[in-house]
Amino acid sequence: MSVIKLVDLDLKNKRVFIRADLNVPVKDGKVTSDARITASMATINHCLKQGAKVMVTSHLGRPEEGVWTEENSLQPVADDIARRLGKPVRLIKDWVEGGFEVASGELVVLENCRINKGEKKNLEETAKKYASLCDVFVMDAFGTAHRAEASTHGIAKYAPIACAGILLTEELDALTKALHQPAHPLVAIVGGSKVSTKLTVLESLAEKVDQLVVGGGIANTFLKAAGNNIGKSLCEDELVPVAKSLMDKMNKRNATIPIAVDVVVGKKFAEDEAAVLKAANAVSDDDMIFDIGPESAQELVDIIMKAGTVVWNGPVGVFEFDQFGEGTRAIAKAIAETDAFTLAGGGDTIAAIQKYDIYDKVSYISTAGGAFLEFLEGKKLPAVEILELRAK
């Protein structure tokens, strides 16, 4: 993937506009989970060290266009970054028309870009105003790279130079390594509640991977396609034929979708529900499947341990409830121990990684949700595509 890289540029005294992903949860004016800020600091620090005049913006929440509210303000983010840098960081509220100065070696935070008129629609006029504020535009928000907006795509068209930040470069390198030059066997684990939301991902991966592990509600649709009774479990009946054809397609090229042989069931979705282990072909009509059993988990552990590359997106059970979390825990442990290149992404997956404390044992953790999935689908991400065009 040929894009201009931030680290190859001379930034001294240059006006640098960074689009980061600082969309973090905020409660009572304080950031409650700062992983995305931490991930963005490499690019910010690099620009400051080089003596650039640094501006950074991001979206936060879902503000109404043209309406500023305290709950969608980046002020808590600016405070968090100021604490990290050990110096004050100004928040510039109305910045689209310019009219503010930034000193060399200074960082300012530009208020939530989604408040700006024309941001979401990627209006040319808005994008040109953004571009006029900088000498160098840095795209560092992989999490929004699948959206063509004025701050992710439009500005990159018109800025004198448009490049990829350190985080974006790392994300693209890791994803490319996992999907375009993978060490085999290539294993993908796709969990989640619905086949429909991940159907295009499953179809795309079914052509590439050696083993496609399905988990969560998605797996129930495949269990049913394999002829099992799944009781009252979450399932999309209309997609059973699709699941069947994916299984056939993979079998034809000697690849597999492993189907659970044992499952953990309950009668209702509740934190105090008793977990009962059953063979996959012995599920009662009033059972709900909430996890895979130990035999199935062991099969997946063996697959992961023998893999060359593992891509993980989504848990395999209701891991929020400990009694239905053993399958996901076993997978997490195997991912931590395997010699394979491991890549994980998506909110629930990161929550599982944190719960089972394997954060530093995964080769690469993607901060993105939707963009991560679209890359897995083999889709072109508009914000990356424009950087490639600008590098020509």
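Just so you know, glycine gets a Cβ as well, placed from its N, Cα and C.
Copied over from Swiss-Prot, here are the features:
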BINDING   Asp21, Leu22, Asn23, Arg36, His59, Leu60, Gly61, Arg62, Arg114, Arg147  substrate binding site
BINDING   Lys198, Glu320, Gly346, Gly347, Asp348, Thr349  ATP binding site
Farthest-apart CA atoms of Asp21, Leu22, Asn23, Arg36, His59, Leu60, Gly61, Arg62, Arg114, Arg147, residues recorded for substrate, distance in Å: 18
Those binding-site residues listed as Asp21, Asp348, and which of them has the most Cβ atoms within 10 Å of its own Cβ: Asp21
Listed binding-site residues (Gly61, Gly346, Gly347), ranked by Cβ neighbours within 10 Å, top entry: Gly346
Inter-residue Cα distance where the pair is Thr349 (ATP binding site) and Arg114 (substrate binding site), in Å: 27
Greatest inter-residue Cα distance in Å for the ATP-binding set Lys198, Glu320, Gly346, Gly347, Asp348, Thr349: 21
Most Cβ neighbours inside 10 Å, all chains, among the binding-site residues Asn23, Thr349: Thr349
DSSP state at Thr349 (ATP binding site), helix/strand/coil: helix
